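What TrEMBL lists as S-adenosyl-L-methionine binding site is Gln251, Glu301, Asn351. Taken from TrEMBL, the feature domain 'Methyltransferase' covers 273-336. Residues or ranges marked as active site, nucleophile by TrEMBL: Cys379.
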Amino acid sequence: RNQDSSSRGHCLVLSRLADAVTPLWRLPYQEQLQVKYESQRKILQTLASRLEELGIDAQKPGGLCCPLQPVVPSPIINGYRNKSTFSVNRGADGNPKTVGLYVGTGRERNIVCVKANHVENIPSKHKQVAQCYEEFICRSPLDSCLLFHEGGHWRELVVRTTSCGHTMAIITFHPQQLGQEALATQKALLKEFFTRGPGAVCALTSLYFQESTMTRCSHEQSPYQLLHGAPHIFEELLGLRFRISPDAFFQVNTAGAEVLYQAVRELCQATGDTVLLDICCGTGTIGLSLAHRVSKVIGVEVVEKAIEDAEWNAAFNGISNCEFHSGKAEAVLPQLLASWEGARPLVAVVNPSRAGLHYRVVRAIRNCSSIRRLLYISCKPEGEAMRNFLELCCPPDPRKKLAGEPFAPVLAIPFDMFPHTVHCELVLLFTR
């Protein structure tokens with residue numbers, strides 16, 4: 001009876017994790033797409049209502065602010081993620097060195113870490129690396145770092161893979177009071193395990209180590225230390241080759257990204273004299289994929305290493321009409337656009353994080369009369385991006401320094417970049 005009860009409890013925890021990470025996994029894929037279509041329809045209805053409140057006649061058939069196309073399906077449904085982040089914490093069985101994903105909440109004090117072997121959007125290679133990392137830290141005399149102030153060392157694992165067969169593992173470690181000699185010992189043990197020990201089965205292309213006393217930190221705050229292999233992994237997308245650094249942004253669904261970028265190409269309607277603004281450009285994937293259709297690409301990205309990747313990607317692929325700027329978009333873009341003469345038409349593509357665009361970025365876009373066409377790619381359009389949509393479309397407002405002609409939404413296309421989850425990538429086309 002105890003075994004039966006334990007087995008049922010284990011299955012319940014596994015189901016809870018699957019439902020938390022991939023809440024649509026029980027539905028046939030076509031039903032998942034319909035669920036996502038309805039959620040995007042409600043978002044466009046909300047945007048239409050908010051625009052009406054601003055005195056803008058935005059109601060289209062169905063109460064939408066613009067036509068909504070069906071959700072474009074992902075070419076790959078299972079195991080599509082090229083990047084996974086695994087936590088280290090106490091498991092349901094009490095093991096404090098469980099490597100997996102969280103279930104539960106801090107408020108209810110029922111958080112446990114559950115192995116993700118059954119989660120459908122994570123590829124088998126990521127699960128294999130996570131299992132090996134758990135084996136390593138279970139052998140280690142050093143504790144896992146559950147709470148910073150309580151000590152411990154072993155923390156997150158990030159796994160990145162590419163369709164070229166490359167695998168990068170990034171291990172985050174809290175140094176606490178360890179000296180340099182003790183840290184060097186741990187790094188040597190990690191390298192030995194993943195190159196000559198049981199972890200060699202993972203065939204890592206790159207093994208990185210980051211000492212971090214914060215929840216998350218950038219390469220500039222705490223450098224990624226290469227313990228083994230090549231400093232970068234490589235991906236091929238739309239006939240181009242892209243270099244990827246440990247903390248560079250790259251769309252999590254590579255096959256889905258190809259479909260998305262092909263659509264962006266068409267929606268931009270770029271001509272030979274067009275200049276493309278690629279804001280939040282990451283490693284330059286969107287701009288470089290359109291470079292042959294435009295006279296120039298100007299990319300802006302906050303992650304310095306991603307800009308280095310973008311410049312390498314342009315040179316490697318023989319693309320010479322791109323320039324990339326490192327820094328926060330709100331600091332870089334206003335300066336770039338303030339001196340724009342307007343001799344050539346500008347098309348802007350923005351692909352921000354869930355936090356959306358900084359207000360100064362929206363203001364710079366609004367006040368640049370040369371930008372007549374804008375593609376906003378959002379993974380969370382109901383969040384901060386909604387504020388951006390309203391700022392782009394509202395009447396001129398001297399108090400907010402929004403002097404430029406407002407944009408209007410003309411087309412929305414959702415792309416299912418995240419099968420089994422409730423999320424998708426919405427591309428909203430604005431013109432003026």
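Cβ from N, Cα, C; glycine included.
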### Distance from Asn351 (S-adenosyl-L-methionine binding site) back to the residue listed as 'active site, nucleophile', taken between C-alpha atoms, in Å
9
### Query
Any idea which of the binding-site residues Gln251, Asn351 has the thinnest Cβ neighbourhood at 10 Å?
Asn351
### Task
Determine the minimum-neighbour residue: among Glu301, Cys379, listed as recorded positions, which Cβ has the fewest other Cβ atoms within 10 angstroms?
Cys379
### Helix, strand and coil totals (DSSP H, G, I; E, B; other) for the domain 'Methyltransferase' (273-336)
30 helix, 16 strand, 18 coil
### Task
For the recorded S-adenosyl-L-methionine site, enumerate neighbouring residues of the same chain (Cβ within 8 Å of the Cβ centroid of Gln251, Glu301, Asn351, site residues themselves excluded), in sequence order.
Phe249, Phe250, Cys280, Cys281, Gly282, Thr283, Thr285, Ile286, Ile377
